[in-house]
Amino acid sequence: MTSVINVNLPTQSYEIAIAPASLDQIGQSLAGLKLGKKVLLVSNPTIFKHFGKIAVDSLEAAGFQVASYCLPAGERYKTLNSIQKLYDIALENRLERSSTMVALGGGVIGDMTGFAAATWLRGINVVQVPTTLLAMVDSAIGGKTGVNHPHGKNLIGAFHQPRFVLIDTQVLKTLPVRELRAGMAEVIKYGVIWDAELFNQLEQSKRLDQLRYIKPELMDAILTRSCQAKADVVGKDEKEGGLRAILNYGHTVGHAVESLTNYRLLKHGEAVGIGMVAAGQIAVNLGLWQQADADRQNALIEKAGLPTKLPAGLDIEGIIEALQLDKKVKDGKVRFVLPTQIGVVTVTDEVTSDHIRQVLQKM
Ligand code: NAD
Ligand code: GLY
């Protein structure tokens with residue numbers, strides 16, 4: 001079954017197609033978009049080994065002239081050096097204004113390919129083919145692209161929307177279990193911030209920590225409802241002037257914890273899970289949210305096999321200090337996204353260091 005979700009934007013709308021075993025149709029899908037002949041497929045060696053040939057064969061069969069390039073795997077290669085490499089390959093292959101970069105990978109490959117496409121010749125087409133759950137429900141959609149600066153994550157970037165997003169659910173079969181769980185944190189996030197029905201469906205599943213325990217109907221709902229939530233929010237606020245900030249639920253404390261552990265100890269999604277537990281409890285303590293609903297959220301996070309406690313030995317004052325460096329700080333005040341009901345959140349700058357300290361000390 002194929003589900004198609006539209007991301008409706010004033011300048012360039014696009015489709016997200018979700019279907020099992022659809023990667024071998026990528027050539028046909030792109031042929032309908034009236035793109036130029038040249039395609040640069042960007043991946044990493046692990047992902048390319050699994051899925052590169054299927055994608056390249058399909059693109060070539062549809063008449064595209066395809067070059068492919070693998071960047072080394074890992075967040076530590078999400079740098080301007082890697083982008084320089086992509087520019088070199090783009091030049092070597094004479095990519096033109098009408099050409100397309102295809103990102104075949106998780107969020108790291110997607111963000112870098114998107115950024116290279118945003119800046120090469122002042123912007124060429126990019127198509128996102130996410131291969132992690134996190135990239136499927138979050139990073140491949142919405143046009144945030146970029147790389148890390150030695151002093152901070154995602155500090156360099158551009159908004160550059162994809163022309164198309166192709167989600168082949170079969171590729172999740174090779175995804176390491178820890179990566180699946182990390183992606184599930186973002187799915188739970190959509191349930192808390194936007195979609196109470198998705199939250200209820202997640203609650204009905206006995207387990208969420210391994211692909212084989214998640215029924216196909218639930219997996220369909222996870223993907224379609226999460227992508228729809230992201231499409232709705234981005235469609236209303238493409239450049240994060242306001243509403244889009246709600247997608248950062250759990251990310252404020254999450255980013256601080258990631259940065260204090262040097263991005264090594266925890267996956268992004270794991271840190272977001274911890275951040276959601278913290279933000280949920282802050283909301284309860286401020287009288288904005290019911291403890292029972294926070295408990296339901298935390299039970300889902302645990303069911304997804306994600307941590308709900310701070311890593312041992314982490315300095316709480318260090319976290320509070322790191323929060324001041326968050327991209328969401330405005331006029332020196334940390335802005336928190338806090339739930340008020342399952343499916344509804346508010347953005348506030350009324351959270352003080354004491355509120356944060358009180359919650360973190362119990363985690
Ligand atoms: P990732 O891209 O690092 O991928 C995780 C690991 O899984 C990698 O080792 C990769 O090689 C492997 N892998 C990927 N797909 C696989 C598959 N199908 N089978 C086997 N192995 C596979 O991690 P991620 O969680 O997808 O992305 C994290 C990145 O996304 C971060 O850099 C984060 O900043 C970014 N991000 C961006 C946005 C956005 O809106 N642009 C949103 C959230 C996160
Ligand atoms: N992942 C947050 C956003 O896309 O805005």
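Any Cβ shown, glycine's included, is placed from N, Cα and C.
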- Message: Per TrEMBL, which of Lys144, Lys173 sits in the NAD(+) site along with Gly107, Val108, Ile109, Gly110, Asp111, Thr131, Thr132, Lys153?
- Response: Lys144
- Message: I need the CA-to-CA distance for Ile109 (NAD(+) binding site) versus His268 (Zn(2+) binding site), whole Å please.
- Response: 15
- Reported as an integer number of Å, what is the Cα distance between Asp111 (NAD(+) binding site) and His268 (Zn(2+) binding site)? 14
- In whole Å, how far is His268 (Zn(2+) binding site) from Gly107 (NAD(+) binding site) when you measure between their Cα atoms? 10
- Query: Which residue, out of the binding-site residues Lys153, His251, His268, shows the minimum number of other Cβ atoms inside 10 Å of its Cβ in this structure?
  - Reply: Lys153
- Message: For a three-state summary based on DSSP, what are the helix, strand and coil counts in the domain '3-dehydroquinate synthase N-terminal' (70-181)?
- Response: 50 helix, 32 strand, 30 coil
